[in-house]
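**Student:** Below you will find the structure I want to go over with you.
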Amino acid sequence: MISEEKEYRPCVGIMLFNKQGNIFIGKRFDSDSYWQMPQGGVDEGEELEQAALRELLEEVGTDEAEVVAQNKEWIYYNLPEEVIPICWNGRYSGQKQRWFLMKFCGKDKDININYTDHPEFKEWRWQNVDDLVASAIPFKKEVYKKVIEEFSSIIKGSIYDS
């Protein structure tokens with residue numbers, strides 16, 4: 001349940017799909033078990049789409065993508081209680097996210113997860129959308145279900161030839 005008294009960090013998420021309809025996911029440095037789609041905070045005064053494109057470049061190391069859709073409403077999730085004190089100095093109890101569906105227009109060699117000095121991911125792969133939730137960290141599974149529900153028909157209608 002979402003409490004009006006708690007503060008949620010504004011964030012964007014990116015569901016990047018390739019020409020086969022598979023989704024980009026990365027394995028974070030702080031996890032050996034879970035994979036996630038790129039996401040990150042929105043800077044003060046930054047437009048949501050601008051933030052999504054910046055996060056794509058920072059985390060995936062590419063700008064070879066075009067925005068296809070944006071979800072309609074904020075999606076909220078709470079961090080586990082034990083994680084709150086170590087994330088963002090305990091300021092937020094979770095995140096509120098707006099998600100962007102992006103079509104990858106490049107080749108795999110155009111992806112560089114080591115683009116920044118502090119990469120988010122140690123590995124990456126293309127994941128079938130049907131298996132996406134199973135690879136996610138438990139507290140993000142409901143978010144991923146909502147994102148898939150909103151975007152999967154668009155992805156299926158957008159699979160393109162090489």
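Cβ atoms are placed via backbone N, Cα and C, with glycine included.
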**Student:** Could you check which of 18-39, 40-61, 62-83 is flagged in Swiss-Prot as motif 'Nudix box'?
**Tutor:** 40-61
**Student:** Are there residues at least 6 beyond the ends of the motif 'Nudix box' (40-61) whose Cβ is under 8 Å from a Cβ of it, and what are they?
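**Tutor:** Answer is 9-14, 16, 24, 26, 67, 70, 98, 100, 102, 111-116, 119-121, 124.
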